[in-house]
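Worksheet for the structure shown next.
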Amino acid sequence: MIIVNKEDCIRCGACQGTCPTAAIEVTPEDVIYCDICGGEPKCVDICPTGALKLEDLVVDEAGNTQGRIVFNPDKCNECGDCVEVCPPQILKLDEGKVKKVPLQGFCVMCQKCVDICPVGVIGVEGIKEPAKVELEIEGPIFIADCVGCGMCVPECPVDAITLDKVGGVIEIDEDTCIKCGVCAQTCPWNAVYISGRKPEKRAKEIKKFELDEDACIGCNTCVEACPGDFIVPRTSNLTVELPAICTACGLCEQLCPVDAIDLEVELGPAKPASEEGLVWDEEKCDFIGACANICPNDAIRVVTKEGMKVPDNEKVDEEPSFAMCTRCGACTVACPKGALSLVDMDKVVDGEVVKRKRVQYNPALCDQCGDCIEACPYDMLKLTDEKVPLKGFCILCDQCIPACPKGALSLK
């Protein structure tokens with residue numbers, strides 16, 4: 001059966017594009033695929049007409065076999081029992097459509113997904129293990145194997161990223177960067193890591209990916225530049241073949257000397273650092289400061305409309321503003337002693353128990369070096385003379401939520 005290392009998948013969707021039976025789907029959050037239920041496919045067991053069968057297929061020269069699902073559309077009465085029982089919910093019936101093969105989503109063990117994966121994270125159980133990425137992420141900003149596509153550059157909200165030339169390596173100004181993680185979410189090759197996290201990717205849709213064959217001169221610049229080897233040279237007619245789906249990094253388009261490639265990509269919204277856990281709604285906030293006053297760890301700072309900064313109760317000449325620890329994790333990466341860490345805790349959101357991150361601090365390990373203070377993108381952290389010397393990190397106690405009279409704070 002097919003196995004996927006979801007942890008290191010870059011969510012490019014090439015596997016989905018090449019699968020002949022739509023047995024794998026890629027989203028920013030997950031990779032859903034037919035694993036033939038570990039060798040005992042429930043769809044085969046429940047099919048009342050015998051339209052679905054499990055067969056062994058020889059998959060290598062050594063004679064090793066793997067199970068595959070075979071579908072006979074002539075026997076299928078489209079009852080939908082297989083769809084209902086499918087654990088990953090990958091099986092689908094194209095109801096109401098005239099198709100020779102009405103059922104999609106079963107694995108035929110063609111291994112096209114294995115062959116096309118640009119980072120090798122798709123394998124076959126007992127035959128080929130999925131690749132694993134071994135990285136020692138250092139610092140709150142970490143760049144590894146950047147291909148220089150520049151896709152992240154225009155997406156940075158504070159213009160902290162520069163790229164001298166296409167195909168080079170990006171640079172991120174640490175003084176400007178706010179550790180929001182938009183670059184990491186955008187990077188099609190997982191080359192950027194912010195605050196020590198493996199990013200959740202943004203949704204992405206290729207609107208147009210076309211080749212002007214009349215303009216193409218067959219130089220193969222795009223073939224050589226493609227980090228995933230997605231582009232196939234067609235030497236017989238001095239052109240190339242573009243893939244149906246790829247990472248859409250745009251290197252081929254940018255490096256083509258005759259502008260023969262036209263790529264148009266639409267990115268979904270980036271995930272803000274505070275989209276999960278404690279979330280602030282700016283439209284509802286009246287900058288009263290009740291949340292900052294009740295926070296036991298000074299993890300919220302408000303400048304009121306009267307010019308009072310709370311919880312410091314200091315008069316300032318500033319516009320009304322709100323800042324809080326978003327549990328981005330930059331401080332935990334910067335800490336050389338391991339005194340700060342991001343830990344999961346159970347929270348109830350919309351009636352369901354979910355895992356959410358909180359910052360955990362061990363004062364016994366802290367040497368008060370101040371590295372965390374410098375790393376904090378929102379300038380929330382500060383050292384004090386108290387027994388617990390560090391303040392400003394969110395422990396997700398939720399006391400601020402009921403304190404807000406406008407309902408501007410919530411748990412998501």
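A Cβ is built for glycine as well, from the same backbone N, Cα and C atoms used for every other residue.
Positions annotated as domain '4Fe-4S ferredoxin-type 1' by Swiss-Prot: 2-29. The annotation [4Fe-4S] cluster binding site is assigned in Swiss-Prot to Cys9, Cys12, Cys15, Cys19, Cys76, Cys79, Cys82, Cys86, Cys107, Cys110, Cys113, Cys117, Cys146, Cys149, Cys152, Cys156, Cys177, Cys180, Cys183, Cys187, Cys216, Cys219, Cys222, Cys226, Cys246, Cys249, Cys252, Cys256, Cys325, Cys328, Cys331, Cys335, Cys366, Cys369, Cys372, Cys376, Cys394, Cys397, Cys400, Cys404 on the grounds of sequence analysis. Feature annotation from Swiss-Prot assigns domain '4Fe-4S ferredoxin-type 2' to 30-57; the stated evidence is sequence analysis. Annotated domain '4Fe-4S ferredoxin-type 3' per Swiss-Prot: 67-96, in sequence order. What Swiss-Prot lists as domain '4Fe-4S ferredoxin-type 4' is 97-127, and the listing cites sequence analysis. If you look up Swiss-Prot, you'll see 138-166 marked as domain '4Fe-4S ferredoxin-type 5', on the strength of sequence analysis. Among the features that Swiss-Prot reports, domain '4Fe-4S ferredoxin-type 6' is placed at 168-197, with the record citing sequence analysis. Residues or ranges marked as domain '4Fe-4S ferredoxin-type 7' in Swiss-Prot (evidence: sequence analysis): 207-236. Marked as domain '4Fe-4S ferredoxin-type 8' by Swiss-Prot on the basis of sequence analysis: 238-266. If you look up Swiss-Prot, you'll see 276-305 marked as domain '4Fe-4S ferredoxin-type 9'. Among the features that Swiss-Prot reports, domain '4Fe-4S ferredoxin-type 10' is placed at 314-345. Summarising the annotation, Swiss-Prot assigns domain '4Fe-4S ferredoxin-type 11' to 357-386 and lists sequence analysis as the type of evidence. According to Swiss-Prot, the feature domain '4Fe-4S ferredoxin-type 12' maps to 385-412.
Residues in the domain '4Fe-4S ferredoxin-type 1' (2-29) partition by DSSP class (helix H, G, I; strand E, B; coil) as 8 helix, 6 strand, 14 coil. It is Cys249 that, of the binding-site residues Cys79, Cys249, Cys376, has its Cβ surrounded by the most other Cβ atoms within 10 Å. Between the domain '4Fe-4S ferredoxin-type 12' (385-412) and the domain '4Fe-4S ferredoxin-type 8' (238-266) there are fewer than 3 Cβ pairs closer than 8 Å, counting only residues 6 or more apart in sequence, so the two stretches are not in contact.
Two recorded stretches are said to be in contact when at least 3 C-beta pairs lie under 8 angstroms, sequence spacing 6 or more; the domain '4Fe-4S ferredoxin-type 1' (2-29) and the domain '4Fe-4S ferredoxin-type 8' (238-266) meet this definition. When Cβ-Cβ distances below 8 Å are used as the criterion, the domain '4Fe-4S ferredoxin-type 4' (97-127) is approached by residues 1-6, 8-10, 12, 14-15, 17-24, 33-36, 41, 43, 51-52, 57, 59-60, 64, 66-71, 73, 76, 78, 82, 86, 90-91, 133, 190, 227-230, 246-247 of the same chain, each at least six residues removed from its ends. In the three-state DSSP reading, Cys156 ([4Fe-4S] cluster binding site) counts as coil. By the Cβ criterion (distance under 8 Å, sequence gap of 6 or more), the domain '4Fe-4S ferredoxin-type 6' (168-197) is counted as touching the domain '4Fe-4S ferredoxin-type 10' (314-345), at least 3 such pairs being found. Once Cβ contacts within 10 Å are tallied over all protein chains shown, the binding-site residues Cys113, Cys156, Cys331 are led by Cys331. Counting only same-chain residues 6+ beyond the ends of the domain '4Fe-4S ferredoxin-type 8' (238-266), those with a CB under 8 A from a CB of the stretch are 10, 12-14, 16-18, 118, 147-151, 166-167, 188-189, 204-213, 215-223, 225-228, 230-232.
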